[in-house]
Amino acid sequence: MSTDSKPDDSQQPSMLETDAGVDSEKLSGTLDVEVSSVALDAHYDPQAVARVLRKIDWRMLPLLGFVYSISLIDRTNLGVARISGMGMDLNLNIGERYSIASMVYFPPYILLEIPGNIVLRWLGARSWITICVVGWGAAQTGMAFVPSWGLLCLTRVLLGAFEAGFFPAMAFIITTWYKRHEVQKRLAIFYLTAISLTGFSSILAYALQLIGDRGGLRGWRWIFLLEGLMTIALGLLTWFFIPDFPDKNTFLSKEETKLVLDRIEADRRDSLPDPITLRKVLKHLCDPFLWSCGFMFMSSTMPAYTIAFFTSILLSGMGFGTRDSLLLGAPPYVAAAISCYFFAWISDKTNRRAIWIFLQSLITITGLMVTGYGKLNGVRYFGLFLINMGASGCIPGILAYNANNIVSHSKRSVSTALVVAFGGVGGIFSTLVFRQKDYPDYIPGIWATMACQFFMVLLLAINTFVFQRRNKLAAQGKRVNEETPGFYYTL
């Protein structure tokens, strides 16, 4: 980090700036920055801006995407373990044991989201993320040694508790670094990195279970053991490389940090954090928009969890063997990654969110119908591609839609935690409506998932109507959106 002394007022503007619109005090060694609250814009050399953004992108997105992919693999590998022998060894075919074991992960995951984001600002990103990753890695490792269905459920509860703080923290951190219409591409890169790697988890699981009965462990236990140890090792690496909030970062120079903060201040006037108090938390929770985003996120994660938990089981029900059921689970994720980034790119390009989320929900509905009612296995398998493409794109889309339409770090902290918590509700819903007695077609689960997509479309329509009206009043000078003059909602 630079430790240059404070320039006097007579010095020329930095090479990064062409016409600085934000006055700031010198960044100290701890990046204690004061950005002028009257700043309306910040003008920098576009090449300098692009260079700094690339630096941020490469430092942040691949690492966070890789860690999140491990999170998804660790929480959803029950399906591949089940058909690799765990179902028989732990008697998961009795009643709804498998669905319950899948579901118990989510209550602690939901309940600890908001407290996790509050702790995040207190401990800092590096300490908090390391605790979360190492903790769930230990829980995953423990799953390799469970002797019964009950202890499997206990390790799943611990897994949910430690993973609760991770995803909302990542979404929160990413959205504080970029302007509103730069966010979805970044969230998509972060998410598609995760889903691309997750797609090949079934192939990894197949390779791991081929180890067979060695060292006193069955093949499916090696899946949990090796993936858990890998997670713990990755958690230790995050201590050294995880990025923090812009005002606390240590990998940019003071000049580059000022550029980032000036751009955010000009875009939405919340470049620096405001204190989080109980009164503010309760106030933010009274905003209906946050709850609508939560329900939409629930609706988008439900088919995503369905794919994660039940793809190998659905393929098995189509008549494919264990090997083919695991290997055929990967290609839909590749298609989803391509679709996810395309819709993120066009969404940022057009500065629109709702219309593209709507189109992706239609893709999901189409895929559900094809998988549920197709007569040929090839046709039903194609439906899995469509489900994954639609649902995977909606997830970063809704996160960006939420982030674009709020102001202040305290509200961003509450909103990202609340929205991601509703994703856990979608996970519970998916595990309960895809019942063992409906195997192999799961038609009631298909219809329940489609109902969530229709609900999401309804909420999008309501939000679009409300935001259009509020923006019109703001343009006429009759309203101030989000207590921030000049702020307009993203439709």
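Glycine is treated like the rest: Cβ placed from N, Cα and C.
The annotation region 'Disordered' is assigned in TrEMBL to 1-21.
Long-range contacts of the transmembrane segment (60-78) within the same chain: residues 86, 98, 101-102, 105, 129, 133, 136-137, 140, 159-160, 163, 166-167, 170, 173-174, 177, 186, 189-198, 201, 204-205, 223-224, 227-228, 230-231, 234, 238, 241-243, 305, 308-309, each at least 6 residues beyond the stretch ends and with a Cβ under 8 Å from a Cβ of the stretch. The feature transmembrane segment is assigned by TrEMBL to 60-78 (among others).
The annotation domain 'Major facilitator superfamily (MFS) profile' is assigned in TrEMBL to 60-471.
What TrEMBL records for 98-120 (among others) is transmembrane segment. Sequence-distant contacts of the transmembrane segment (98-120) (same chain, at least 6 residues past either end, Cβ-Cβ under 8 Å): 75, 78, 82, 87, 92, 128, 132, 149, 152-153, 156-157, 159-161, 163-166, 168-169, 172, 276, 281, 309, 413-414, 416-418, 420-422, 424-425, 427-428, 431-432, 434-436.
If you look up TrEMBL, you'll see 127-151 (among others) marked as transmembrane segment. Long-range Cβ contacts of the transmembrane segment (127-151) within its own chain (Cβ-Cβ under 8 Å, at least 6 residues beyond either end) map to 67, 70-71, 74, 90-92, 97, 101, 116, 119-120, 158-159, 161-166, 169, 217, 221-225, 227-236, 238-239, 242.
Under the heading transmembrane segment, TrEMBL lists 157-177 (among others).
Residues or ranges marked as transmembrane segment by TrEMBL: 189-208 (among others).
According to TrEMBL, the transmembrane segment annotation covers 220-242 (among others).
According to TrEMBL, the transmembrane segment annotation covers 289-314 (among others).
Per TrEMBL, transmembrane segment is recorded for 326-347 (among others).
When Cβ-Cβ distances below 8 Å are used as the criterion, the transmembrane segment (354-373) is approached by residues 296, 299-300, 303, 314, 339, 343, 346-347, 379-380, 382-391, 393-394, 397-398, 401, 441-443, 446-447, 449-450, 453-454, 456-457, 460, 463-464, 491 of the same chain, each at least six residues removed from its ends. As annotated by TrEMBL, transmembrane segment applies to 354-373 (among others).
According to TrEMBL, the feature transmembrane segment maps to 379-401 (among others).
The transmembrane segment annotation in TrEMBL covers 413-434 (among others).
The transmembrane segment annotation in TrEMBL covers 446-467 (among others).
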By a Cβ-Cβ criterion of under 8 Å, what residues six or more beyond either terminus of the transmembrane segment (289-314) are in contact with it?
72, 75-76, 78-80, 82-83, 102, 198, 202, 325-326, 329, 332, 357, 361, 364, 367-368, 371, 380, 384, 387-388, 390-392, 394-395, 397-399, 401-402, 405-406, 414-415, 418-427, 429-431, 434, 439-440, 442, 445, 448-449, 452-453, 455-456, 459-460, 462-463
Cβ under 8 Å, sequence separation of at least 6 from the ends of the transmembrane segment (157-177): give me the contacting residues as numbers and ranges.
56, 60-61, 64, 67-68, 71, 74-75, 104-113, 116-117, 119-120, 125, 128-129, 131-133, 135-136, 138-140, 142-143, 183, 186-187, 190, 243-246, 260, 264, 399-400, 403, 409, 412-413, 416-417, 419-421, 423-424
For the transmembrane segment (326-347), which recorded stretch in the set 220-242, 379-401, 413-434, 446-467 gives the largest number of Cβ pairs separated by under 8 Å?
379-401
Would you report the average pLDDT that the model assigns to the domain 'Major facilitator superfamily (MFS) profile' (60-471)?
86
Test of understanding: applying the rule of at least three C-beta pairs under 8 Å (pairs 6 or more apart in sequence), is the transmembrane segment (220-242) touching the transmembrane segment (413-434)?
no
